[in-house]
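Copied over from Swiss-Prot, here are the features:
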DOMAIN    1-73  domain 'Core-binding (CB)'
DOMAIN    90-244  domain 'Tyr recombinase'
ACT_SITE  K150  active site
ACT_SITE  R211  active site
ACT_SITE  Y243  active site, O-(3'-phospho-DNA)-tyrosine intermediate
Amino acid sequence: MRDRISAFLEEKQGLSVNSKQSYKYDLEQFLDMVGERISETSLKIYQAQLANLKISAQKRKISACNQFLYFLYQKGEVDSFYRLELAKQAEKKTEKPEILYLDSFWQESDHPEGRLLALLILEMGLLPSEILAIKVADINLDFQVLRISKASQRRIVTIPTALLSELEPLMGQTYLFERGGKPYSRQWAFRQLESFVKEKGFPSLSAQVLREQFILRQIENKVDLYEIAKKLGLKTVLTLEKYR
């Protein structure tokens, strides 16, 4: 099915190179989601994935996909003329998240564990579950890298220079956060993080919001979406496109 994208683009007259690349990107992403067998069910799943994107991005992708679906129908590649529709809730305007001023996170705290948890999420985009699984053996301060293992997936992320001094005192342990050589639970991490953000005057900040702040800062620094996805351990950039 993927080879049909090239055939489709060949029939599009007058498209610029950038426009063709945009079509190709959107359609490859579409096929990644729906697979080789296009059906009402697979299209609904894809459409649901678009819900978090900006309306302009949704309209662009839906337009490209509908043109491609019509092309497939004309060529006899699919037995029905499928068509995607813009979800009604997409018409509601949502506020774009803003970068928060969180310099106070670097100041001393009565909740040092919560502070370090917050900084690891904010500065590296790590999930609490990933942080709790970190072993000291996974950290190399000399090369400023951290190895993250999650299920069958592994990735290497860079440790910001500012965090090196925060990690150094913990290098004699087994886990980064531990008690008696065993990692703490997620409930413990939640309580520590909650206490810390309350102390700093941000009671509504969650791990998810802090991870979003990492994404916003990366985009502010002109980091490519694919690179951000790689840092976060995401397989696609679909969930990041709403931040464009």
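Indices start at 1 and increase along the chain as displayed.
Just so it is clear, glycine is given a Cβ too, placed from its N, Cα and C backbone atoms.
You'll find the Cα of Y243 (active site, O-(3'-phospho-DNA)-tyrosine intermediate) roughly 13 Å from the Cα of R211 (active site).
R211 (active site) and K150 (active site) are 17 Å apart (CA-CA, integer value).
In the structure as shown, the Cβ atom of K150 (active site) sits within 10 Å of 12 other Cβ atoms. Residue density at Y243 (active site, O-(3'-phospho-DNA)-tyrosine intermediate): 19 other Cβ atoms are found within 10 A of its Cβ, drawing on all protein chains shown.
For R211 (active site), applying a Cβ distance below 8 Å and a minimum sequence separation of six or more within one chain yields I121, G125, L126, L127, L232.
Under DSSP, Y243 (active site, O-(3'-phospho-DNA)-tyrosine intermediate) is assigned to a helix (H, G or I) in the three-state scheme. Using DSSP to sort the residues of the domain 'Core-binding (CB)' (1-73) gives these counts of helix, strand and coil: 56 helix, 0 strand, 17 coil.
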